[in-house]
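Student: The structure under discussion is supplied below as structure tokens; questions concerning it will follow.
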Ligand code: TXA
Ligand code: MG
């Protein structure tokens, strides 16, 4: 891992690393972000490996301006008003993902929506311009640690899990952006942050619903147990076909995985590489759901490294539908 103080050269190097699929931590006005090319599933799998997050929450994609974001998300009137009022700034908008968006399923956790943000930090925007692609970036700390506001915090928390830290000095107060969901007729606050519900309400001239206090409002998707539930029934820890179910598609992992007797086999990773499996996870779940079979069987996946987050998602996929 290299720490480089901001300069033109450091910026070019950071942009080159992002384009090559490496992880680069960079300052924003809220916290340091752990950035990866949002269109590259292997790179995004690296974010989850570095953060040691036990689950795949959808990530925010960062852009240099509103028009770049609009190439991947559908902006309605409300989104345009909020972007005009608060961008660049500490507001993330959850919008429908465009059909032609190249952002990978791992970035959006397989959802049809996408969170987009234009940060207000000069170095962040210069980097986003130079990288010339959407950058997925959660806070640059291991899961459960405090949000990093200096390059030193990032280095202490992530160490060699990150390829480079672009040092832009102290970057903010450690309060992450406000997340607002605009995918329904209502305006739902998913995460409070620097920009308040009152400010949003004043711009839009309507109420803002709190996701946590209103039972009817959609919760942050990472918190819903049946989030990403395939249409077909899902069976965990499958080692042999279950004839009482009928034809099954097996999601297979590792060289010792027994595939005999299954109607179809889809590989998460033949070699048993948890990072490759994470990168393939959502595409394989979607593919399995399209198979002409009666059920999805998932072979045992070791519960360590990214396997913890993969198993978490598989358990949600298998959870009773509500
Ligand atoms: O201040 C920030 O926003 C920092 C800096 C680095 O920009 N970034 C950040 O990113 O906090 P991240 O990826 O950790 O934030 C993810 C939040 C979670 O609360 C997640 O549930 C929500 O955004 N989110 C992302 N995509 C979503 C989606 N499609 N639907 C609903 N919520 C989404
Ligand atoms: Mg965070």
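The backbone N, Cα and C atoms fix where each Cβ goes, glycine too.
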Student: Out of 83, 137, 156, which is the one TrEMBL records at the L-threonine site of 30, 62, 117, 177?
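Tutor: So, going by the record in TrEMBL, that would be 137.
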Student: Using a 10 angstroms cut-off on Cβ to Cβ distances, just flag whichever of 30, 147, 177 is the loneliest among these binding-site residues.
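Tutor: Counting other Cβ atoms within 10 Å of each of the binding-site residues 30, 147, 177, the minimum falls on 147.
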Student: Can you list which of the binding-site residues 53, 147, 177 have their Cβ under 6 Å from some atom of ligand 1?
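Tutor: Going through 53, 147, 177 in sequence order, those close to ligand 1 turn out to be 177.
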Student: Near residue 139 (ATP binding site), which of the binding-site residues 30, 62, 117 can be found within 10 Å, Cα to Cα?
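Tutor: 30, listed in sequence order.
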Student: List, in sequence order, the residues of the same chain other than 30, 62, 117, 137, 177 whose Cβ lies within 8 Å of the centroid of the Cβ atoms of the recorded L-threonine site.
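Tutor: Close Cβ neighbours, site residues excluded: 28, 33, 60, 90, 92, 119, 124, 176.
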Student: Taking only the binding-site residues 53, 57, 191, which one has a CA atom nearest to the CA atom of residue 30 (L-threonine binding site)?
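Tutor: Answer for the nearest of the binding-site residues: 191.
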